[in-house]
Amino acid sequence: MNRQSWLLNLSLLKTHPAFRAVFLARFISIVSLGLLGVAVPVQIQMMTHSTWQVGLSVTLTGGAMFIGLMVGGVLADRYERKKVILLARGTCGIGFIGLCVNALLPEPSLLAIYLLGLWDGFFASLGVTALLAATPALVGRENLMQAGAITMLTVRLGSVISPMLGGILLASGGVAWNYGLAAAGTFITLLPLLTLPRLPVPPQPRENPFLALLAAFRFLLACPLIGGIALLGGLVTMASAVRVLYPALAMSWQMSAAQIGLLYAAIPLGAAIGALTSGQLAHSVRPGLIMLVSTVGSFLAVGLFAIMPVWIAGVICLALFGWLSAISSLLQYTLLQTQTPENMLGRMNGLWTAQNVTGDAIGAALLGGLGAMMTPVASASVSGFGLVIIGLLLLLVLGELRRFRQTSPVSDAG
């Protein structure tokens, strides 16, 4: 990255063929999973006319993902990571084929959809953990900030494209097309992933998988730096659950259907801008302090969002939250990867990703509870300002993270 530029440099895709292969595979995978994410709720709703059944499928898949992240973390620290990645992707694709075949039946099975959702949630997240653990070896720890920013852009771009494509396919060909293309896309990702070099794990004694996972929890609690990073990540994810209040807040602002879409687009847009303007972030001497301040700032943006007098100001607050949370997330990712021992990378990445899954669910549940006692405006504001207070307390308590200095700021090869 050019030291004089705030803009993200994409040269890592040119100089590191292995990372380029991962970038391509991840983008195709995100689009494929997006097609699945559109098709499953629509098919269940059409079959059952029950939003509860749709919610059950999401809950079951989320539970399978959580277990997959835990198991994947242990496997990524025990077995050659390339094999784990390929096995997880291939097995996940088999589940997509099953969904496609089921959708083509005269009477599709609801039980099959639930079971295959569990299958795909487990194996998809298992591969994600191994891929995250392998990233430092693919790009070098000095390039992790740049790699994280490029990955964030990939996720945001894929998350925008896949629902649009999924909706078009549903309108023109039905859910079977979504499942079929998701399966094809998943198997296509195996082609670039096959070009990856071997990714062996450091030699370490064999131990019971549960004891290995317990060792990761002990490390997390014993290391204030890594523990603080994980805690901040969970709180930021909880704050992003404010989206469950968008429909109710849109009514108070008298927004049209088209304008409501801007609320949902604001945070991803802000996050994309944060990734694009992260050029100097890798050279910060006090990344921990920047992480803490940007996290508190993002909570403040959520607190101000709902009390804005006009919806445009609310959208700006959400975009600001997206930008600040992207800065915090990039620093979390980089410090986690650089400060975690190699033999713990799989399990720590699994735990860090799992707190994103659970943090979102906890945040949505808390906002739902607040919504039962107060207005949507009050719910969003109380949650945001409450998190500001917690963030300020953590700014004081997490001294090791606040004082952490990079003796030689991360540089990149670009």
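Each Cβ is built from the backbone N, Cα and C atoms, and glycine gets one as well.
Keep in mind that what you see is a predicted model, and the values were worked out from it rather than measured.
If you check Swiss-Prot, you get these features:
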- 1-21: topological domain 'Cytoplasmic' (TOPO_DOM)
- 22-42: transmembrane segment (TRANSMEM)
- 43-55: topological domain 'Periplasmic' (TOPO_DOM)
- 56-76: transmembrane segment (TRANSMEM)
- 77-83: topological domain 'Cytoplasmic' (TOPO_DOM)
- 84-104: transmembrane segment (TRANSMEM)
- 105-109: topological domain 'Periplasmic' (TOPO_DOM)
- 110-130: transmembrane segment (TRANSMEM)
- 131-156: topological domain 'Cytoplasmic' (TOPO_DOM)
- 157-177: transmembrane segment (TRANSMEM)
- 179-199: transmembrane segment (TRANSMEM)
- 200-218: topological domain 'Cytoplasmic' (TOPO_DOM)
- 219-239: transmembrane segment (TRANSMEM)
- 240-256: topological domain 'Periplasmic' (TOPO_DOM)
- 257-277: transmembrane segment (TRANSMEM)
- 278-287: topological domain 'Cytoplasmic' (TOPO_DOM)
- 288-307: transmembrane segment (TRANSMEM)
- 308-313: topological domain 'Periplasmic' (TOPO_DOM)
- 314-336: transmembrane segment (TRANSMEM)
- 337-356: topological domain 'Cytoplasmic' (TOPO_DOM)
- 357-377: transmembrane segment (TRANSMEM)
- 379-399: transmembrane segment (TRANSMEM)
- 400-414: topological domain 'Cytoplasmic' (TOPO_DOM)
With CB pairs under 8 Å as the measure, which of the listed stretches 22-42, 110-130, 219-239, 314-336 comes out on top against the transmembrane segment (157-177)? 22-42
The answer for the topological domain 'Cytoplasmic' (131-156), taking Cβ pairs under 8 Å and residues 6+ beyond its ends, is 1, 8-10, 12-13, 16, 18-19, 22-23, 26-27, 30, 73, 76-77, 81-82, 85, 196, 199, 268, 271-272, 274-276, 278, 281-282, 326, 329-330, 333-334, 337-338, 342, 345-346, 349, 353, 410-414
Any chance the transmembrane segment (56-76) and the transmembrane segment (357-377) are in contact, meaning at least three CB pairs closer than 8 A with a sequence separation of 6+? yes
Listed stretches 22-42, 257-277, 357-377 vs the transmembrane segment (179-199), most Cβ pairs under 8 Å: range 22-42
Can you name the far-off residues of the same chain, 6+ from the ends of the transmembrane segment (357-377), with a Cβ under 8 Å from a Cβ of it? 62, 65-66, 69, 233-242, 244-245, 248-249, 252, 306-307, 383
Sort the residues of the topological domain 'Cytoplasmic' (131-156) into helix, strand and coil with DSSP and give the three counts. 25 helix, 0 strand, 1 coil
Would you mind splitting the topological domain 'Cytoplasmic' (278-287) into helix, strand and coil residue counts from DSSP? 4 helix, 0 strand, 6 coil
How about the transmembrane segment (314-336) and the transmembrane segment (219-239): at least 3 CB pairs under 8 Å, pairs 6 or more apart in sequence, or not? yes
Six or more residues beyond either end and a Cβ under 8 Å away: which residues meet both conditions relative to the topological domain 'Periplasmic' (43-55)? 103, 108, 110, 113, 175
Across the topological domain 'Periplasmic' (240-256) the predicted model averages a pLDDT of 85
Count the residues of the topological domain 'Periplasmic' (105-109) that DSSP assigns to helix (H, G, I), to strand (E, B) and to coil, and report the three numbers in that order. 0 helix, 0 strand, 5 coil
By DSSP, how many residues in the topological domain 'Cytoplasmic' (77-83) are helix, how many strand, and how many coil? 3 helix, 0 strand, 4 coil
